[in-house]
Every structure is written in structure tokens, then in C-alpha cells.
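Copied over from Swiss-Prot, here are the features:
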BINDING   GLN162, LYS334, ARG363, SER364, LYS385  (2R)-2-phosphoglycerate binding site
ACT_SITE  GLU204  active site, proton donor
BINDING   ASP241, GLU282, ASP309  Mg(2+) binding site
ACT_SITE  LYS334  active site, proton acceptor
Amino acid sequence: MASIEAVHAREILDSRGNPTVEVEVALDDGTIARAAVPSGASTGQFEAVELRDGGDRYGGKGVEKAVAAVNEEISEQIVGYEAEEQRLVDSALITLDGTPDKSRLGANAILGVSLAVAKAAAESADLPLFRYLGGPNAHVLPVPMMNILNGGAHADTNVDIQEFMIAPIGAESFREALRWGAEVYHSLKAVLKAHGLATGVGDEGGFAPNLDSNRAALDLISEAITKAGFTLGQDIALALDVAATEFYADGAYQFEGSSRSAEEMAAYYTELVESYPLVSIEDPLSEEDWAGWKALTESLGDRLQLVGDDLFVTNPERLQRGIDEGAANSLLVKVNQIGTLSETLDAVSLAQRNRYTAMISHRSGETEDTTIADIAVATNSGQIKTGAPARSERVAKYNQLLRIEEELDDAAVYAGANAFPRFARQG
């Protein structure tokens with residue numbers, strides 16, 4: 001067993017040009033591993049706190065305080081721990097911080113250390129990270145939920161819904177699914193050009209045109225799927241991240257130019273489900289609208305996946321409330337929302353034990369770190385959301401999944417339509 005010999009953090013840049021934390025952990029057997037922390041654009045108010053410096057430097061977004069926390073206080077605390085004792089390390093980090101939201105040391109400091117320790121332990125054990133975390137049964141390759149058209153907080157456009165995604169549910173392998181997604185992505189670019197629309201991209205690599213409505217986005221993507229030679233609803237399905245908290249105020253939703261109630265939003269989603277092969281809608285309602293979530297789950301929860309992101313913030317306590325109240329039926333998993341690997345895995349386990357699906361997710365501010373790809377396979381979650389098949393910080397995760405599928409060889413199983421048990425394939 002190798003123990004932690006040194007911990008070092010530095011400030012690096014993420015995909016939006018903002019600072020983030022990277023941590024290196026060295027073990028006494030010579031192993032060195034590093035992890036970099038992502039950052040979100042649309043963030044839930046119940047997320048663990050990202051420590052930023054304030055002031056003029058980097059527009060107040062510097063992370064020198066978080067870096068100092070790692071290099072001083074955290075390093076002093078965890079040097080000497082066995083790297084394979086992940087839960088002990090994470091527990092020590094949580095105790096050292098001493099706040100319920102990790103606001104003293106910063107979730108960005110704590111998470112960087114937590115992930116780097118796991119990666120070092122895996123390397124020391126001569127195991128790929130997915131195998132180290134998931135054991136011998138880790139074998140399911142996730143459906144890539146590709147955000148190919150951006151709106152909301154991820155793009156400077158007049159489209160309310162934040163993400164329009166494609167899900168290659170009919171592919172036979174992850175490799176094939178990735179190809180299908182890339183082909184539709186390029187088809188969509190051609191479709192947008194043919195309609196005289198802009199083909200600039202948003203934070204996550206998806207196109208970000210100004211459109212007349214949210215339905216127009218779904219129509220364009222449907223056209224792109226068909227023109228790429230695929231069957232809509234059988235080969236490739238659709239999914240949304242509404243990020244409704246972003247346009248919720250004073251008990252109402254400011255959507256498509258009007259103020260709407262939760263009931264009116266539910267009626268709108270029902271119309272969409274009737275019109276398009278939607279397998280998943282993420283954050284259809286606000287993180288504070290528990291009554292609306294419960295009613296929506298009762299009306300649509302047997303037809304598609306209703307994913308809690310801002311609602312749950314990868315927090316087992318909030319997820320348990322959702323389970324108890326019948327709100328949502330799926331968990332979005334973002335490691336930096338909760339701040340340690342152990343708590344992340346606990347949230348996934350709680351979801352799966354209660355027949356909630358789990359979708360492993362990136363953030364809009366990403367790095368070349370590929371840890372979430374391994375987590376997706378380790379947990380057999382069957383779904384990953386990590387952007388369009390463009391921009392290297394997104395593609396890095398997809399390429400890592402290609403490597404994992406190749407390593408698993410005949411043991412690899414692509415989740416495909418089985419990832420969405422509530423959806424009846426069309427076509």
C-alpha cells in the first residue's frame with residue numbers, strides 16, 4: 001500500500017479562459033497523478049461552494065486562495081494517509097473544512113485533492129481508473145448525450161432552453177454511437193447554413209443560432225438527423241436540459257416571452273413529448289418548485305426520464321427528499337456540486353438503489369481531465385453528458401471512453417436504449 005507523500009496545487013485555465021484548480025498527488029512508491037476541477041455556468045444555489053479570490057485579478061475569478069488551501073492546510077492534513085483509503089481521505093477533507101457547503105477551503109480545492117488521490121491510487125495499483133473505482137463488474141459504456149445546440153446560459157441567444165441533445169440509442173457500440181453523433185453534428189451545421197443561420201458555437205461546442213422558438217431548435221435537429229441518414233426516435237432520440245431555475249422568479253417561469261405557472265410548463269412539456277422522441281428532460285422546473293416537480297413526475301415520469309440537476313446538486317440528502325416525495329426519476333451527477341469522490345459515488349448508489357437513473361455530467365467550464373468518463377463506466381450509469389463532439393475539452397472524455405471500450409473488448413456493453421427504460425423506441 002502506497003501512502004501520500006506530497007500534495008501540490010496550481011492555478012490553470014479552463015475552457016472558458018477562467019482559472020481553476022489542478023492538484024498533483026505524489027505517493028511514496030513514486031506514483032504521481034493529477035486532477036483538474038471543472039466549473040459551471042448555470043449553478044444551483046445548493047451546490048458546494050467554489051472558492052474564488054475576488055478583486056481585480058482575472059475579474060475576481062482567480063483561485064489562489066483555493067490553491068493555497070491545498071498547498072498548506074490540506075497538504076499538512078492528508079500527507080501520510082494511504083492513497084487507497086479514499087473514504088478516510090475524503091472524510092478528513094470534509095472535517096477539516098468544517099462547513100456544510102465546503103465554503104471555508106472551497107469545493108474546488110477539496111475536489112481536486114479527492115480526485116487526484118483516487119487517480120494516484122489506481123495508478124499505484126496498476127489498474128485503469130474505471131476498474132479501480134468500479135471493480136470487476138464495471139463494463140457498461142454510456143450513451144453520449146451530445147449537446148449539439150446551445151441556448152440559455154450557455155449561449156448569447158434568444159433560445160430559452162439551455163441544451164438540445166441527441167442520444168444515439170440505436171447504436172451497437174460506443175464507437176458507433178460517437179460516429180453517429182459526430183455525423184449528425186456536421187449535418188446540423190449544414191442544415192443551419194442552408195437556413196441562413198449562424199454556426200458559431202457555445203460553451204459546450206453546440207451551435208448557438210438565434211431561433212424563433214425552442215421548437216424550431218428541435219425541428220432543425222430532427223432535420224439534421226434525417227439528412228444524416230438516421231431514423232429519428234429509433235436510431236437517435238432527443239433530450240433537453242431546460243435549466244428552468246435560470247428563468248424562474250417570484251413563483252413563475254418567464255418562458256418564450258410570457259409568465260407561466262408550473263402547470264403551464266407541464267402542459268408545454270407534454271406537448272413536446274407528444275411531438276418529438278424525447279427520452280430525457282433535465283431541470284424542467286426550478287430547484288425550489290418541489291410541488292411542481294412532484295406533479296410533473298406523476299404526469300410524465302412513466303414516459304421519459306426527468307433529471308434533477310439543480311434540484312439535487314449531486315447531494316444524497318436532497319436526492320433522498322426527491323425519492324421520498326416522488327420528485328424526478330433521474331439524477332444528474334456533477335462531481336464539483338458535492339465536492340468529493342466518495343459523496344459523488346454515494347449519490348449514484350442511492351439513485352440506483354431507488355430505481356433512479358444516473359447521468360454523469362461535465363460542466364460548461366471544463367479542462368482536459370477525463371475522470372468523469374471513468375466514473376461513468378465505473379458506476380455502469382449508462383449515460384454521460386459531456387458536450388458536442390467538438391472542442392478538445394469535450395472530445396477528451398469521448399476519446400477516453402473509446403479507449404475504455406477497447407480495453408474491455410468483448411466484455412464491453414453499450415447501454416443504448418436500455419439506458420432509458422421509460423422510453424418506447426419509435427420508427
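Here the Cβ of each residue, glycine as well, is placed from N, Cα and C on the backbone.
Swiss-Prot feature annotations superimposed on the structure.
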residue: GLN162; record: (2R)-2-phosphoglycerate binding site; Cβ neighbours (10 Å): 27
residue: GLU204; record: active site, proton donor; Cβ neighbours (10 Å): 31
residue: ASP241; record: Mg(2+) binding site; Cβ neighbours (10 Å): 29
residue: GLU282; record: Mg(2+) binding site; Cβ neighbours (10 Å): 28
residue: ASP309; record: Mg(2+) binding site; Cβ neighbours (10 Å): 29
residue: LYS334; record: (2R)-2-phosphoglycerate binding site; Cβ neighbours (10 Å): 26
residue: ARG363; record: (2R)-2-phosphoglycerate binding site; Cβ neighbours (10 Å): 26
residue: SER364; record: (2R)-2-phosphoglycerate binding site; Cβ neighbours (10 Å): 23
residue: LYS385; record: (2R)-2-phosphoglycerate binding site; Cβ neighbours (10 Å): 30
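When the alpha carbons of ASP309 (Mg(2+) binding site) and LYS334 ((2R)-2-phosphoglycerate binding site) are compared, the span between them is 8 angstrom. According to its DSSP assignment, ASP241 (Mg(2+) binding site) is in a strand. Nearest Cα neighbour of ARG363 ((2R)-2-phosphoglycerate binding site) among the listed recorded positions (GLU204, ASP241, GLU282): GLU204. The CA atom of LYS385 ((2R)-2-phosphoglycerate binding site) is located 10 Å away from the CA atom of ASP241 (Mg(2+) binding site). Nearest to ASP241 (Mg(2+) binding site) in space, judged by Cα atoms and limited to the recorded positions GLN162, GLU204, SER364, is GLN162. Taken residue by residue with DSSP, GLU282 (Mg(2+) binding site) is part of a strand. The separation of SER364 ((2R)-2-phosphoglycerate binding site) from GLU204 (active site, proton donor), Cα to Cα, is 6 Å.
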